[in-house]
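Now, the feature entries from TrEMBL:
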- 1-21: signal peptide (SIGNAL)
- 29-130: domain 'SRCR' (DOMAIN)
- Cys55-Cys119: disulfide bond (DISULFID)
- Cys68-Cys129: disulfide bond (DISULFID)
- Cys99-Cys109: disulfide bond (DISULFID)
- 156-284: domain 'SRCR' (DOMAIN)
- Cys248-Cys258: disulfide bond (DISULFID)
- 308-408: domain 'SRCR' (DOMAIN)
- Cys333-Cys397: disulfide bond (DISULFID)
- Cys346-Cys407: disulfide bond (DISULFID)
- Cys377-Cys387: disulfide bond (DISULFID)
- 418-526: domain 'SRCR' (DOMAIN)
- Cys494-Cys504: disulfide bond (DISULFID)
Amino acid sequence: MWSLSAALSLLLLLQAPPCRLQSLSPVKLRLVGPGSRPEEGRLEVLYQGQWGTVCDDDFALREATVACRQLGFETALTWAHSAKYGQGEGPIWLDNVRCMGTESSLDQCTSNGWGVSDCGHSEDIGVVCHPQRQRGYLSERVSNALGPQGRRLEEVRLKPILASAKRHSLVTEGAVEVKYEGHWRQVCDQDWTRNNSKVVCGMLGFPSEAPVNSLYYRKAWNLKMKDPKSRLKSLTQKNSFWIHRVNCLGTEPHMANCQVQVAPAQGKLRPACPGGMHAVVSCVAGPRFHPAKAKPGHKESRAEELKVRLRSGAQVGEGRVEVLMNHQWGTVCDHGWNLISASVVCRQLGFGSAREVLFGAQLGQGLGPIHLSEVRCRGYEQNLSDCPSLEGSQNGCQHENDAAVRCNVPDMGFQNQVRLAGGRGPEEGVVEVQVEVNGVRRWGAVCSDHWGLTEAMVACRQLGLGFANHAIKDTWYWQGTPGATDVVMSGVHCSGPELALQQCQRHGPVHCSHGSGRFAAGVSCTDSAPDLVMNAQLVQETAYLEDRPLSQLYCAHEENCLSQSADRMDWPYGHRRLLRFSSQIYNLGRADFRPKTGRHSWIWHQCHRHYHSIEVFTHYDLLTLNGSKVAEGHKASFCLEDTNCPTGLQKRYACANFGEQGVTVGCWDTYRHDIDCQWVDITDVGPGNYIFQVVVNPQYEVAESDFSNNMMRCRCKYDGHRVWLHNCHTGDSYRANAELSLEQEQRLRNNLI
């Protein structure tokens, strides 16, 4: 029989009103279950450092909606009772959850209280969310997906054993070490598989693993164990030296997603690795990280084979995902986008697994079609095209849903070979590099001769500080590090994709015309940048010819907007034949486009009575089909302003009254066809078929996140009386190459290829 006190306790529990949970910050939720769909699974809650489940009693659509919104989805589609997604482990944290539907997190709803439940794990609730992410939901990181052990299992590394491996700065083979609860441990090789190796290599930035000569390593291990001077034998007898067992499928983005058993089931009573040794892994670096082994022409041919690329990322291995389909590049919608699918992209590009996926065009909006949506990779695929998916147009995706990724990349040690000194903050200063001088590594400055935005971009990338805001040649106002003011690097010329300044071309013996001191190279870095793109369709629709009298072209002639033959004409008699068009330039980046210099440096042009904030803002060229230039024009940015902005976005820049100039993110600047210099002078051009080309920001005066889309090209037919433009497209939307360097981009524009 029950005691009286037990009966009273039960009565009080049944009559207790539902309580509202008190917490300083929203608890973390996650969805767990078979398959790779991020929007459905068993609902689990993290409380007091431990994950637990939620009972299905009273749980319905309103509760599921609150949970889905907290997880970053738009809403819930349904819920699933009776452990449809499998029975969980650990405590059942919540029971009898009741929500109004307006709460921002599940712990704001009423329930029995933390851990108060009469349920078993057969009643674990599951939810199915709508795959559409909320506008404010930015990304999913590996750390968001880690299990209870993931809070302690932090990172992995390879400890080189072979003498040849120790000599290389990039370690690709060695014993696996795992950082667990702040301490490094070795992993027992018993039951170690190639799938485990693949996960380790992916975390370290390598796309694949290679077989290991286990007999050699076992022999070396045995010799070490017999060595009386070695501490290895005594260390291996301690369970704190080992991770007992790891079991991965090979698709996990992080080892913490695998089944990891730190100690044997019997705990301290049983040795963690009896008779075994440390697990050894050999990884294969992607082509970008072992250029010495690449054969001539190999990189280019490989680039042509790739059907996927990353755009607008500040660092190597990150960017908006674009795929080549039907001979045209397009984007991927973020509906259903997750770490497993993103890891397939990363490995396909020669990087490791994905460490973060980004939603909502966090790395800028793309152009052209949205090729894919609801990508469902299992993780075993070699290419993204092998994964099931829908067409992007099937579920209402817009470019504001463009998916992006940040991949794990190998640590080459370059970030430790550059630093900034003297700036007002950590993102600016004099560039100081570490190089080898007469066999000794020393720090010093970089000569500012030929120092430009391309070199500054590489420096900021190497520093891990994003994009270059300014390349600074005169740094007298910044004090360098004492003892590191001598110039140790000069003649630096980068092509664009380098990982470090040390990889750029430079002088052998240092030669700097200015010497050291005030003319050392400096940079200002930023984590976001603008991205200007020409509206190709508008150019195609507005092009026409005009025979304009010379009497109306004096100002245009003064600003060099006519061909050189105009100098030899009998002014003001005669006319010039002009190919006129309107241009609309969008800023699709993540920062406003601003002139390089402030208003105090703008140039006043008396004839047109306006200021030029950038002397050459666009180039207009007419080319033959083989690329020879037959006519050209240019446009100074006499007025950079927000001509139009989408609904809800405020205009910030206007030229009136000597106002601030620029183009706000999401807005566009329009140059009408009827203003001066908005043309190409084709007076000297004969009838024929041509290419019409427009390049925005051609001299890279202002940093952008993606220079590859600054060029627009059209096919042009001119019969001597009329002109037709057709097939206008932006940048590299039809180019087979996945990636060109900035130097190659410039050569392409200047018809040197």
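Cβ atoms are placed via backbone N, Cα and C, with glycine included.
Within 10 Å of the C-beta atom of Cys407 (disulfide bond) sit 29 other C-beta atoms, taking all shown protein chains into account.
In this structure, the disulfide-bonded residues under consideration are Cys346, Cys504, and the one with the smallest number of other Cβ atoms within 10 Å of its Cβ is Cys504. Distance from the CA of Cys68 (disulfide bond) to the CA of Cys109 (disulfide bond) is 14 Å.
Note: the domain 'SRCR' (418-526) comprises 14 helix, 40 strand, 55 coil (DSSP; helix = H, G, I, strand = E, B). Of the listed disulfide-bonded residues, namely Cys119, Cys129, the sparsest CB environment within 10 A is found at Cys119. When the alpha carbons of Cys407 (disulfide bond) and Cys248 (disulfide bond) are compared, the span between them is 20 angstrom.
Candidate disulfide-bonded residues: Cys377, Cys387, Cys494, Cys504. Nearest to Cys129 (disulfide bond) by Cα distance: Cys377. When the domain 'SRCR' (29-130) is classified with DSSP, helix, strand and coil residues number 16 helix, 35 strand, 51 coil. Residue counts of the domain 'SRCR' (156-284) by helix, strand and coil are 42 helix, 35 strand, 52 coil (DSSP-based). The disulfide-bonded residues listed here (Cys55, Cys258, Cys333) include no residue with a Cα within 10 A of the Cα of Cys346 (disulfide bond). Cys68 (disulfide bond) and Cys99 (disulfide bond) have their C-alpha atoms 13 Å apart, to the nearest angstrom.
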